[in-house]
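Note sheet for the following structure.
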Amino acid sequence: MSDVSPPPPAEAARTAVVIPAAGRGVRLGPGAPKALRTLGGVPMLIHAVRAMAASRAVSLVVVVAPPDGAAEVKSLLDTHALPERTDFVVVPGGETRQESVRLGLEALPPEYGIVLVHDAARPLVPVDTVDTVIEAVREGAVAAVPALPLADTVKEVEPAAAPGEPEPVLATPERARLRAVQTPQGFARATLVRAHEQITGAVTDDAGMVEQLGEPVVAVAGHEEAFKVTRPLDLVLAEAVLARRRLNDGF
Ligand SMILES: Nc1ccn([C@@H]2O[C@H](COP(=O)(O)OP(=O)(O)OP(=O)(O)O)[C@@H](O)[C@H]2O)c(=O)n1
Ligand SMILES: C[C@](O)(CO)[C@H](O)COP(=O)(O)O
């Protein structure tokens, strides 16, 4: 598998990526904002930016930095090697992921018809997954999400009133119909912008907002290495995946 994708067809709509990177990383534990913590000595955000810029279809990456960290993020982008064919913009983020994505969308120049949203917290997504999402949108999907089948059985419960109390199980959804969705999620820009203008309730992903508009969303093949670094154990896994890649690449 190459770590850079083939060039896009000349007539394809231009594609930009918004990377929300403004979260604190509370579940990861005390320390710097999650996106600025290192993996293999390189900030997680830089891994995520490189993963997006590895797609030749991507010509702009908008990084949504921690609200007081835009200068630091700009300096990180200046001091790490990144492809010259890609432009980079940094904007300060907001209180929630949703608000951070909206601020990133507002920074997009008009010529970008396709927008991907990718968590800085998914630093190791392979370029093939990025290209699969872009391809689905180019071929006419309004929204496309990378997704994987589940290994665990999932239960719907009545959430406990206090932590540690038993939770009554309400239902067991049919696992074969469930998917764990990842990022980058890809969109026709106009639809994603409309979703961020109209949908105000709490959501956990951008595709969910598009679903609330009544627009169709398709799931495409995700990848195990696109996992989200959320808790301390995820960092251990991410370091191991990175070490294996470096060994395979011979550096
Ligand atoms: N106000 C926020 C909150 C989150 N994010 C980003 O959204 C992505 C997914 O969020 P998550 O993994 O939940 O990150 P955190 O919010 O940092 O984690 P936690 O909930 O543990 O604090 C991350 O890249 C995070 O930086 C953001 O840009 N702005
Ligand atoms: C967008 C996302 O990564 C899709 O799985 C996920 O919903 C983000 O959730 P988080 O709690 O903000 O990390």
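Glycine residues also receive a Cβ, built from the backbone N, Cα and C atoms like all the rest.
Lifted from TrEMBL, the feature list:
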- ARG27: site 'Transition state stabilizer' (SITE)
- LYS34: site 'Transition state stabilizer' (SITE)
- ARG175: site 'Positions MEP for the nucleophilic attack' (SITE)
- LYS228: site 'Positions MEP for the nucleophilic attack' (SITE)
Express the distance between the Cα positions of ARG27 (site 'Transition state stabilizer') and LYS34 (site 'Transition state stabilizer') as a whole number of Å.
9
Within its own chain, what residues at least 6 apart in sequence put their Cβ under 8 Å from the Cβ of ARG175 (site 'Positions MEP for the nucleophilic attack'), listed in sequence order?
PRO149, LEU150, THR153, VAL154
Intrachain C-beta neighbours of LYS228 (site 'Positions MEP for the nucleophilic attack'), sequence separation six or more, cut-off 8 angstroms:
ASP119, ALA121, ARG122, GLN182, ASP234
I'd like to verify something. Among the recorded sites ARG27, LYS34, ARG175, which ones have a C-beta closer than 6 angstroms to some atom of ligand 1?
ARG27, LYS34
For the recorded sites ARG27, LYS34, ARG175, which sit with their CB under 6 angstroms from an atom of ligand 2?
none
Under a three-state reduction of DSSP output, how is LYS34 (site 'Transition state stabilizer') classified: helix, strand, or coil?
helix
Return the single residue from the recorded sites list (ARG27, LYS34) that has the minimum number of other CB atoms within 10 Å.
ARG27
